[in-house]
Amino acid sequence: MSTEKEYGLIGPFKTIPKEQIYCTHIHDRHSFGVFINGEVPHESSFSLVLLELSFVLIVTQIIRHLLKPLKQPRIISEILGGIVVGPSCLGRSKTFMTWMFPGQSAYIFRNLGSFAYIYFMFVTGVKMDLLTIKKATKKQWCIAIFGMVIPGIATLTVAMLLRNSLEGEMRKLSSIWGVGASLAITSFPVLYNIIRELNLLSSDIGRMALATSVIGDVVGINGVVAFEAAKQGEGRPLAPIGYILSILAVWITIFGGTRILMFWIIKVTPEGKPVEQFYIVSILTIVLVAAFLSDMLGVALVNGPFWLGLAVPDGPPLGATLVHKCESFIQEILMPFAFANIGLMTDVFAMTAYWSKLQPLFFVALTGYLTKLVATLFMTRFFGIPLRDGVTLSLIMGLRGEVELLLFIHWLDFQMIGIPHFTMFVLLTIVITGVATPLISMAYNPNRPYMINKRRNIQHTPPNTELRILVCFIEEESVPGMTHLLEAFNPTVHSPFMVFALHLVELVGRAAPVFIDHSEEHNDHHGKSDMDDTGTIHKAFQSIQESRSDVIKIHSFTSVAPNRSMYQDVCELALDKKSSLIILPYNTSSLRGVAGTDMIQNNVKSLNTTVLDHAPCSVAVLVDKGDFRAKVGNPRMSVASLTYHFAMLFLGGSDAREALACADRMATNPNVALTVIRFLAQNGEGEDDMEKKLDDGLVTAFWVKYEGNEKVAYREVVVRNGEETVAAIRAMNSEDYDLWIVGRKLGINPILIEGLSSWSESQELGVIGDYVASVDLGSSASVLVVQQQVLRDKETESGGLRGRISRYFSSFACF
């Protein structure tokens with residue numbers, strides 16, 4: 001055997017002559033206290049790995065914190081963190097590399113990084129819903145196909161024109177095809193993570209981008225397989241065909257068998273119970289088997305795990321359990337090894353010395369990115385999508401990330417490219433994604449559609465017209481209080497209610513949000529398996545319609561979305577259905593506990609706060625303490641046979657006027673007694689003249705309307721500060737009220753709440769609402785906190801693109 005024969009070690013690392021291979025000491029022991037025994041961390045294998053990982057995580061977090069004002073996605077800081085510890089930065093120091101990454105440390109990172117990619121792609125496949133393709137519209141199909149074909153053709157054309165300038169393996173048609181296909185495809189795993197960070201999953205653009213990327217991934221897989229086949233069968237004309245057929249046969253067998261296994265696991269899992277740990281471990285073991293088969297067949301290592309993930313039914317119980325148990329560990333612990341590996345292979349200095357030979361490939365890559373942007377934008381304009389939305393979608397479809405980095409490593413394994421080329425592609429990924437992400441944030445505001453000038457509130461809804469109300473609930477416990485509140489609003493034949501009941505479910509185990517209209521569920525059964533309790537909950541509202549069909553109509557919906565973007569479905573439904581009021585629950589699971597106990601679940605609090613900030617209509621938050629609904633034993637709402645006593649605290653301002661309008665409707669209910677208390681500052685101190693005139697007009701009209709009604713009482717209280725306001729409320733608490741009605745905060749005279757803001761804990765309830773709902777008051781009455789619709793002009797609120805850019809750089813300057 002020739003002594004000049006070269007043996008490759010690991011993909012991107014330089015090959016070395018056989019005679020230069022020599023043995024080195026491998027750390028085979030664990031330390032028992034490196035400093036106590038006079039050792040240093042790099043002399044102990046396990047201590048060394050912990051030190052390396054800790055250092056990479058610290059550097060990454062620092063970079064992430066520094067880039068936060070620039071709206072950079074997480075992957076940018078992770079790539080840069082890897083580059084900092086690599087030969088492009090700290091790795092230039094031999095002392096640093098000798099101490100931090102001695103010997104074959106890079107080998108460990110390479111293997112652990114491969115494990116990270118295996119499970120990352122598996123979990124991504126679990127969350128990916130192939131039914132999205134079936135539901136895709138013609139518009140989404142055209143944007144996806146056109147956005148791949150045009151960049152692919154343009155890239156191949158430029159590559160062929162520059163073919164003589166390309167080096168070695170890159171001149172081959174198979175290599176040109178592989179690069180062109182990768183530049184034309186937008187990867188779903190990359191897109192999903194960044195869209196989730198931008199909180200666009202439930203937006204129109206986010207949904208379209210996800211659907212388009214799924215189509216692109218499924219079509220692109222064929223291109224990847226063709227590339228693998230071409231590389232494996234170079235020089236053998238019929239080899240690629242046989243290779244493709246063998247791969248398809250293996251994967252069809254694995255996919256079908258796995259699918260049967262997954263459904264069997266779901267079938268044997270009792271309803272409402274978690275999947276047994278044995279099954280989870282077995283599936284995670286099968287993932288490694290799939291990765292081994294991929295490597296054995298010569299395809300990319302992650303192909304098998306990704307297809308295996310697609311075979312797992314998304315959502316609860318199995319898909320949700322796998323994602324819940326694996327995602328955090330993969331993202332926070334395993335993936336840093338992958339990005340550190342990328343950094344250790346990236347060498348900016350090698351690229352600068354090699355730039356003249358990199359230029360042809362740079363122009364090929366730039367052609368692919370730019371034509372992708374232009375082609376997608378052209379198709380959005382062709383289908384009449386607004387320019388701002390079209391630009392946003394084009395930028396989203398150009399995002400690059402984990403999958404592209406994996407492809408670059410794969411090209412190194414095929415020796416299509418070297419370290420300089422690899423570095424160039426990594427830097428292009430950083431630039432493309434790093435520039436596009438903040439532009440997306442500036443160009444597209446998902447809350448913009450909710451900024452309307454048309455009044456949609458209770459105060460300005462004529463009394464003898466239909467009232468449209470959106471009722472939201474997360475848990476079954478909040479439903480009885482909601483139904484009794486609706487009855488207290490007193491729907492009549494002359495003023496009927498159109499109620500939209502929206503069940504909000506946290507998105508777990510799948511990527512794409514789901515919105516279900518239960519009036520059309522016979523045509524679409526998607527998602528029923530993971531929401532079996534939804535039908536039971538909606539039956540409570542349907543029972544209202546059965547008993548009061550002459551005055552109440554119920555439409556049921558279910559939204560499955562991430563907690564951060566749930567509010568978008570709420571606001572969008574309220575806007576679409578022209579609702580005048582949104583009723584939200586306030587979690588009181590710990591309300592009866594010891595004082596100081598946290599009463600709010602984070603997801604409910606976040607939902608309420610964001611809906612209050614962006615709602616296109618008025619919003620009411622119901623703090624249901626239980627006594628309000630306990631009077632009624634029949635779930636079919638027999639409020640008509642009971643007597644309720646409500647108290648309305650009027651402190652002035654638009655929210656208080658809206659709360660009084662709600663109380664006015666309740667006062668027309670013959671079984672409701674209402675007491676309205678208006679708080680005034682002594683000598684009119686701190687009052688706003690315009691707000692005072694509006695308050696006086698509405699209160700006077702209310703007093704005249706109910707002057708002769710014995711069940712409606714009106715009183716005024718003059719106070720000098722917040723302490724006297726609280727004292728007056730405490731004095732009222734001696735009466736047996738069933739419900740407190742208060743305005744949230746807008747327009748309240750600051751003198752009336754002076755000194756109270758410092759101890760208020762709940763922003764969503766406002767100062768007074770928080771007090772009457774707290775255990776400090778000692779009231780068992782429920783609380784209804786009302787916020788009137790905030791009229792917002794789209795251009796004024798957003799400030800246009802120029803205003804958003806200005807605010808963006810201002811935030812960075814402040815940081």
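From the backbone N, Cα and C atoms, a Cβ is placed for every residue, glycine too.
Keep in mind the model is a prediction, meaning the values are calculated, not measured.
Features of the protein shown, as given by TrEMBL:
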DOMAIN    60-440  domain 'Cation/H+ exchanger transmembrane'
DOMAIN    498-626  domain 'Cation/H(+) antiporter central'
DOMAIN    647-789  domain 'Cation/H(+) antiporter C-terminal'
TRANSMEM  107-130  transmembrane segment
TRANSMEM  142-162  transmembrane segment
TRANSMEM  174-195  transmembrane segment
TRANSMEM  207-229  transmembrane segment
TRANSMEM  241-266  transmembrane segment
TRANSMEM  278-302  transmembrane segment
TRANSMEM  333-354  transmembrane segment
TRANSMEM  361-384  transmembrane segment
TRANSMEM  424-444  transmembrane segment
Residues from the same chain, set at least six apart from the ends of the transmembrane segment (424-444), whose C-beta lies under 8 A from its own: 70-73, 75-76, 79-80, 83, 194, 198, 200, 203, 205, 342, 346, 348, 351, 358, 361-362, 365-366, 369, 388-389, 391-392, 395-396, 398-401, 404-405, 408, 417, 801, 804-805, 808
Segment-segment contact (the transmembrane segment (361-384); the transmembrane segment (107-130)) at 3 or more Cβ pairs under 8 Å: no
Remote residues contacting the transmembrane segment (174-195) - C-beta distance under 8 A, at least 6 residues beyond either end: 73-75, 120-121, 124, 127-128, 147-149, 151-152, 155-156, 159-160, 163, 166, 201, 206, 209-210, 212-214, 216-217, 219-220, 223-224, 226-227, 230-231, 234, 361, 364-365, 368-369, 372, 396-404, 407, 411, 414, 416, 433, 437, 511
Leading contact stretch, 107-130, 142-162, 333-354 vs the transmembrane segment (278-302) - CB distance under 8 Å: 107-130
Helix, strand and coil totals (DSSP H, G, I; E, B; other) for the domain 'Cation/H(+) antiporter C-terminal' (647-789): 60 helix, 33 strand, 50 coil
Tertiary contacts of the transmembrane segment (142-162) (same chain, 6+ residues out, Cβ under 8 Å): 136, 176-177, 179-181, 183-186, 208, 212-213, 215-216, 219-220, 360, 363-364, 367-368, 371-372, 374-376, 378-380, 382-383, 393, 397
Model confidence over the domain 'Cation/H(+) antiporter C-terminal' (647-789) (mean pLDDT, whole number): 87
